[in-house]
Structure formats: structure tokens, C-alpha cells
Amino acid sequence: MTQEWFESADLEKKSAQTKSENQPNEPEISETVETEPQANEETPVSPKELETHEEEAPEMIEETQTEEEGEGKAEEERNQENSVKEKSILSKALESPYIPDIDPRKTARLKKEIALFWTWLLDAIQEPTASKTTDQKHRYSVFALLTLLSSINLFFSIYHIKRLYYGYMISIANGSPNQLPPLDLFAGLSILVASALFYFSIILGGFTVRRVLDQESDFTFQEAFDRYSRLFAIPLVLTALASFFALFGGLRFAGILTLLSMAIFALGNLFVISKPSKTSSLDPFYRFLLAVLLDGAILLPFLIAELALTVDYLRILTFF
């Protein structure tokens with residue numbers, strides 16, 4: 001009995017202690033519960049404060065609008081500055097010494113020179129044998145244009161023939177394409193030099209006949225250039241058309257026009273060397289015979305040089 005009594009007494013003490021521990025926490029919980037509704041309760045706002053808030057709201061909107069406008073203006077100013085910088089960079093690049101400035105006076109002068117050459121060309125076609133004092137530029141322009149256009153005509157004719165008949169040419173060349181000459185920069189320069197030698201030899205032959213056979217000491221090389229340049233006006237037009245057709249593969253038209261221009265060259269040269277001078281005492285027939293022989297002696301070395309430069313490329317023309 002005594003043991004049971006002690007155990008019951010211990011239980012009562014423990015229960016009393018637990019109650020005493022739980023009791024101080026309860027008022028804290030109640031205090032927090034009481035403070036929460038007080039915090040949740042809205043504080044009363046006076047009408048003056050509402051008016052101030054309403055007045056401040058449009059002011060804030062205006063400030064934000066002004067800030068946005070200021071940012072937009074700043075962006076526009078930045079874009080303008082960037083465009084100005086780009087223009088200045090472009091202007092500096094155009095002012096570079098590596099890019100020449102286009103002078104309107106030079107273009108006007110070029111147009112004037114082209115117009116003068118065109119009028120001279122039309123006059124030379126109408127009267128190829130008329131002896132007129134012309135500008136030195138025209139005689140050299142005809143020589144340069146004939147050389148360039150003849151080179152273009154021959155180069156592109158060889159190019160298109162080689163492209164069309166390449167397999168046939170290889171079969172004839174025993175299947176070795178190395179025997180066919182390449183059409184590179186050296187080929188173009190060789191054809192250009194050969195064309196210049198061809199036209200120069202014709203002018204030199206006529207000049208030699210007049211100075212040696214006819215004993216015309218006052219006949220200069222520039223006069224020979226003038227006379228042949230007028231005779232070369234019609235072949236110049238034909239060679240320009242032939243080079244145009246050769247450039248785009250019209251080989252038949254280019255060949256016909258080239259043969260026609262060569263025939264006019266031969267007839268023009270024959271006309272110049274066969275025309276006797278007033279002071280010549282030789283019989284016209286013997287004079288004509290000697291003129292042909294002398295002119296042939298001048299043309300032959302140039303012809304050998306021309307063939308040495310272009311014989312490998314002229315072989316391709318035989319396949320057409």
C-alpha cells in the first residue's frame with residue numbers, strides 16, 4: 001500500500017508541473033491573437049491625405065512621360081550622331097588616295113573626245129582617201145582600237161573553238177591534252193603583240209615604198225599613219241562587230257566579218273603602194289611590181305614574228 005501511495009503522489013506532482021509549464025504559454029498566444037486583428041485593422045485616412053495623393057498621381061505620370069520623352073530624344077540624338085559618324089567615315093574613305101575622285105571636267109572632256117572621234121570616223125568612212133589634217137589622237141586611237149578588237153576577236157574565237165572541239169582535238173593529238181596550248185594571260189599578250197605587229201607592218205610598208213621607191217623626202221611617218229587610219233575606218237567597224245560575235249560564240253559571223261576586213265586591209269594597202277607619185281620616172285607597171293616586192297619584203301619579217309607568237313593558237317582555228 002505504501003508503494004502505491006508513493007507512485008500516485010509522484011504522478012500528481014508530474015501533472016502539476018506540466019500544467020504549470022503550459023499555463024505561461026497560453027497568454028502569449030492570446031496576446032498574438034489580439035495583436036493580429038489590431039494590425040489587420042486599417043488605419044483611418046484623412047481626406048486631405050487623399051487629395052494630396054490624387055494631386056501627386058498626375059504629377060508622377062507627367063514625370064514618367066517626360067522621362068520617356070527624354071530617353072527617346074537621347075536615342076534619336078545617338079542615332080543622329082552615329083549616322084554623322086558613318087557619313088564622315090565614308091567621306092574619309094572616298095577621300096582616300098587609293099580611290100580617285102571623279103572630276104566632272106574629266107568626264108566632260110572624255111565625252112567631247114568620243115564625240116570628236118565619232119565625227120572623224122563617219123567622215124573617214126565617207127571619204128577614206130581624202131587627205132585632211134586631223135588630230136594626232138585619232139590616228140593613234142584607230143591603231144589602238146584595231147589592235148585591241150582584233151586581239152579580242154582572235155582570243156575568244158580560239159576559246160570557243162577549243163571548248164566545242166576539245167574531245168576531237170585530244171583524239172587527234174594522241175590523247176595528250178598537254179599538246180594543246182592553254183589560253184591564259186600569256187596567250188592574250190601574245191595575240192595582242194601579234195596584232196600590233198600586223199597593223200604596224202602594213203603602215204611601215206607603205207611608208208617605206210613612198211620614201212624609198214618614190215623618193216618623197218617630205219612624206220613623214222605621221223602622214224602614213226593619217227592615210228592608213230582613214231583607210232582602216234571601215235575595217236575598224238567590221239572588226240568591232242566580229243569581236244562582238246566572237247565574244248558570245250557567233251563564230252561563223254565573226255569569221256565572215258574578219259575575212260571581209262582582211263580583204264579591205266589588203267585592198268587599202270595595195271591602193272596606197274600602187275599610187276604613183278608625180279615625180280616618179282618609172283613605168284607604172286614596173287613601179288607597181290617593185291612596190292609590191294618592197295612591201296612584201298617589209299611584211300615578211302613581221303609575219304614570221306606574228307606566226308612565232310600565235311602559231312600554237314592558230315592551229316586550233318583549223319578544227320573549225
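FYI, residue positions are counted from 1 along the chain as it appears here.
Cβ atoms are placed via backbone N, Cα and C, with glycine included.
Values in this document were obtained by computation on a predicted structure and should not be read as measured data.
Residues annotated as compositional bias 'Acidic residues' in TrEMBL: 52-70.
Marked as compositional bias 'Basic and acidic residues' by TrEMBL: 71-87.
TrEMBL lists 1-87 with the feature region 'Disordered'.
Residues or ranges marked as transmembrane segment in TrEMBL: 140-161 (among others). Here the transmembrane segment (140-161) has Cβ contacts under 8 Å with residues 117, 183, 187-188, 191-192, 195-196, 198-200, 203, 225, 229, 232-233, 235-236, 239-240, 242-243, 246-247, 249, 251, 254-255, 258, 310, 313, 316-317, 319-320 of the same chain, all six or more residues outside its ends.
According to TrEMBL, the feature transmembrane segment maps to 185-207 (among others). Tertiary neighbourhood of the transmembrane segment (185-207): same-chain residues 143, 146-148, 150-151, 154-155, 158, 219, 221, 224-225, 227-228, 232, 265, 269, 272-273, 294-295, 298-299, 302-303, 305-306, 309-310, 313, selected by CB-CB distance under 8 Å and a gap of 6+ residues from either end.
Note on the transmembrane segment (228-247): residues 121, 124-125, 127-130, 132, 134, 138-139, 142-143, 145-146, 149-150, 152-154, 156-157, 160, 199, 202-203, 206, 253-255, 257-258, 260-262, 264-265, 268-269, 271-272 of its chain, located 6 or more positions outside it, place their CB under 8 angstroms from a CB of the stretch. Residues or ranges marked as transmembrane segment by TrEMBL: 228-247 (among others).
Among the features that TrEMBL reports, transmembrane segment is placed at 253-273 (among others). Listed by sequence, the residues of this chain that lie at least six past the ends of the transmembrane segment (253-273) yet keep a Cβ under 8 A from its Cβ atoms are 128-129, 153, 157, 202, 205-206, 209, 227-228, 231-232, 234-235, 238-239, 241-243, 245-246, 288, 291-292, 294-295, 320.
TrEMBL lists 285-305 (among others) with the feature transmembrane segment.
Sequence-distant contacts of the transmembrane segment (285-305) (same chain, at least 6 residues past either end, Cβ-Cβ under 8 Å): 194, 197-198, 200-202, 204-206, 208-209, 212-213, 269-270, 273-274, 276.
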